[in-house]
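Student: My questions will all concern the structure given below.
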Amino acid sequence: MKISWKRKFLQQILHNNINKIAASHWEHRMSEEKGEKIPMLANKETDANDSLNVTANTSDDTPLTSNEVMQPQTNGGGQQRSADVPKKMEEEEEEDADVQDKKPSGRNMYFKSEPRRIDYILAWSTEGKPEKLAHSKEARAVFEENLEKEGLKLERDEKEGAEIHYLKVHAPYEVLTRYAEILKVRMPVKKSMDLDKIQQKYAKLETILIKMEGGGFKRQVVTPMKAVSTRLWDTMTDITKKLFTPFQLDPNVVKPIKRRFNVAYSRDKEYLFDIPEDKDTYFDNATRNRIVNFILRRKPFSREKEKAYSFGINKMIADGHYTDAYPLHEGHWKPGSADNERKLLFDHWANWRNCFKIQPLDHVRGYFGEKIAIYFAWLGFYMLMLIPASIIGLLVFIYGCAISGNSYPANEVCDESKNFTMCPLCDYQCPYWKLSAACSHARASRIFDNNATVFFAIFMSFWGTLFLEFWKRKQAALQFKWDLTDFVTEEQPPRPEFLAKLEHITTYKEHPITGIKEPHLPFWRRRFPIYLMSWTAMLFLAFLAIVAVVGVIAYRISTLAALQVLTRDTPVTNSTFIASTAELVYQNASLVTTVTAACINLLIIVILNFIYNRLAFWLTDMECLRTQKEYDDSITLKLFSLQFVNYYSSIIYIAFVKGRMVGRPGKYATLFGGRQEECEAGGCLIELCIQLAIIMTGKQLIVNNIVEILIPKIIKWIKRRIWPETQEQKMSKSPWEKDYKLQPAETTSLFYEYLEMVLQFGFLTLFVAAFPLGPLFALINNILEIRFDAVKFTTELRRPMAERIPDIGVWYSVLYGISRIAVISNAFIIALTSDFIPRLVYTMAYSPDGSLEGYVDHTLAVFNTSDFEEAKRPVFEGSEIVETCRYRDFRNPPDSDDPYEYSQMYWHVLAARFAFVVVFENVIVVITGLIAWLIPDVPAKLKLHIRREAYMSNEIIIKTELMRAQGEQVGEADIERIIQDENQRYRSNELGSMELVHRRSASPPNDKEKDNIV
């Protein structure tokens, strides 16, 4: 027993000391990668070795075997690991990710066996039918074998009893450089070659050498003269930057990412690039993830030659061999976690404290990739452009409120002494009513229907053009800064769903680009019937939205008539509450009907949206589109068309149809046996304003935020209540298990964000003449939208693959089309829906003093109640004493030669309306076209910088390659001399183009010539 106890004690001591040495060595390697130093590391190793030797020497018992000192261990996948693997790594690996996050070193993003960074995670399920599991295992084995042949390093994490197993993927430096050259990844060059120094030299002064006739050189300083427009633009830019200084993030906290001079990577020209000693840190994580994803999408998982299309991680996920593939988040975002890029983005981008700060787009691009960064850049720029529109719209609203109380038309409506008795709003049941009952509506209508509204419509037409043109300039700057100027879209492989649907097709066709035989569907026999069915279903779905609008119209007509009857039939009572309520309902019957109808319409829109989303994807899946781009374009067209009809049909009806074909008392136009809907006393513009306010703000601010924020939190809370996790289960999760629990970052996640904003842009531009507060509500919504989306990407979604796209894609064309349609839409709203043209015609041709006094009386036609048909004559007490009633229209009185025919003023107003539409449309189109032509898509300075960078990179490569070909050693000093030489030969003129100042000979000036330089 004594010997056994000593033996166990010595074994434990030896085991601890070996682990101490291994841990010290691992910390030393990790600190070297981070550029840190551990001065006491050597002493610790020495002390550990001494302790080990002393302990071994003092043992009086049988010497220990190597197997007794450290037994061979296996990792989670059951593969044997060598005994000399540092156990420190395994202990960190087994720790919960939350525990790792709170350590200064942060999450462990490395393999267990070796210090290799995890670039990608592949996950698969262990549950299912045995036949399916065996087939998936075989496919994964083939796929992983091909990955290893490509040079990728793999490590499994297969915990016993776990439902999900994981495969960790690492790309060595050799693989990264090979594919960086294939994909033409632009990487930073050595600092001595950075063009910032050259740019600084060109900023104010340029020094050139000119060869004199008598020999020698003359040094001359040239100050480029800037054009007046350039100086003015620079001044405006400087002022704008100063105004936005308070909204900038603290540069000491969020370090600005300065752009380096980049060229396409080439392994043959590595001397150009700033490669650090630790080469694994040369490529950033986004680039590593993109390269690994590119490899994963190309490797086959079947050895059968007839299944050449069985390749790629997307196809494997679609077939169920893997459940998902994703890159890892770099740490946690919660307070108390170690500093990492994800936490930085949450603290200084997604956090509500920074909702008025400018976004750190360079950091967003570095973490999520260009695709997501472009979206947030566009959304931020859109929000910025809404600021002037919101200010102007608010001023127009304040102006409308100021004049609404002193408006002649509103005062005439509210004047009870005028005693305007209006014709019934429905046949038989509805009573006559006084125009003064619509006083509040008339005053509210004047807030939005005034001369300032016309100015605002013109302003917003220009604003839409300026927004798109300045966005193109902003986009060009981002493309240059993020190396997207020469972006080339790679050939997309077939979609996995496309291959799965056509797996049993016997007709194959060789693809003209890739040369791979793929399943083929003949157009006329297979594709055309599907397209015909798909677009027939689209028309039917659009018809559903129109039917819903008709239903809402029927609701408005019936409810308005019911409220009129209800107030008429209210029994006489001593209750002041009932009497006051009846009077309130009677006076605001139209407002109650409009508001409730708009709310019902919003509910129908939400329901139809849910139906449209499901059916649009189902129809697109039926079309069997080959590539993801074709699929995305098709679903974009379908959903935008359906959403356009769904959102705008009711608004278009109120703006352009309602009250246009009503007829007149005694001869009303009917549809399905019922009278058509009329505009209320204040006009249709106030109804259009209410409809816009409820649909736009209700959908954007309330419904969208409930769907995006509240519902996911409720679902998450329910899951936690139904399937609670023990503390032990929570503390045993690795970083990839934590990320797997997050929602997947689907390819359509940005699609819905773009769709939401484009529909908002349509509300602002198409119908802005009726709702000048629209830009302000949109600005408030977008401030919230940016933070909601930022929180979603940083905390709720898995890290998406860093995709590269150069622009916002097809959405720019959609925005441009909406801005063109908006010119026509606003012209017709001002001409037909508002009273601007009738007021203008009255003041210019019919008013005795050029004012609007008497305008209301002039626009109300007279109807003799004796001309009512017996079946439609109002029947209630006192109706027989009403001899005439008034109605809104320009018609002759009953005692004229042409009773109830259109009056002369009607034709004058109609001509003025069409003239206004023609003039407004053509003037705005011409001016906006001129603005678009005058504003270049790429700023002149940026264009010059792009050309100069391309030229300098070519010249440097040519000259350095020439020197290498001649057997010379090329160092940084030689490259600096080449740059200086090119700097002296060229300068930019005042037009922004490069001009040759001095053509040097092949050899530089000799010593004698240098002495002659003055």
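Glycine residues also receive a Cβ, built from the backbone N, Cα and C atoms like all the rest.
What TrEMBL says about a protein is an automatic prediction, not a curated fact.
As the structure is a computational prediction, the values presented were derived from the model and not from experiment.
Grabbed the feature section from TrEMBL, which reads as follows:
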- 29-110: region 'Disordered' (REGION)
- 49-74: compositional bias 'Polar residues' (COMPBIAS)
- 110-361: domain 'Anoctamin dimerisation' (DOMAIN)
- 364-949: domain 'Anoctamin transmembrane' (DOMAIN)
- 375-399: transmembrane segment (TRANSMEM)
- 452-471: transmembrane segment (TRANSMEM)
- 530-555: transmembrane segment (TRANSMEM)
- 591-612: transmembrane segment (TRANSMEM)
- 635-656: transmembrane segment (TRANSMEM)
- 757-780: transmembrane segment (TRANSMEM)
- 808-832: transmembrane segment (TRANSMEM)
- 910-935: transmembrane segment (TRANSMEM)
Student: Same-chain Cβ contacts of the transmembrane segment (757-780) under 8 Å, 6 or more residues past its ends?
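Tutor: Cβ under 8 Å, 6 or more out: 379, 382-383, 386-387, 389-390, 392-394, 396-397, 400, 448, 452-454, 456-457, 460-461, 464, 640, 643-644, 647-648, 651, 655, 685, 688-689, 692-693, 695-697, 700-701, 811, 814-815, 818-819, 821-822, 825-826, 829-830, 833-834.
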Student: Can you see whether the transmembrane segment (635-656) and the transmembrane segment (530-555) are touching - at least 3 CB pairs under 8 angstroms, only pairs 6 or more apart in sequence?
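Tutor: The transmembrane segment (530-555) and the transmembrane segment (635-656): touching, yes.
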Student: Do the transmembrane segment (452-471) and the transmembrane segment (910-935) share at least 3 Cβ pairs under 8 Å, sequence separation 6 or more?
Tutor: yes
Student: Sort out the residues at least 6 away from either end of the transmembrane segment (591-612), same chain, that have Cβ-Cβ distances under 8 Å to it, and list them.
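Tutor: Same-chain residues near the transmembrane segment (591-612) but 6 or more away: 440-441, 541, 544-545, 548-549, 551-552, 555-556, 559-560, 563, 585, 639, 642-643, 646-647, 650, 680, 687, 690-691, 694-695, 698-699, 703.
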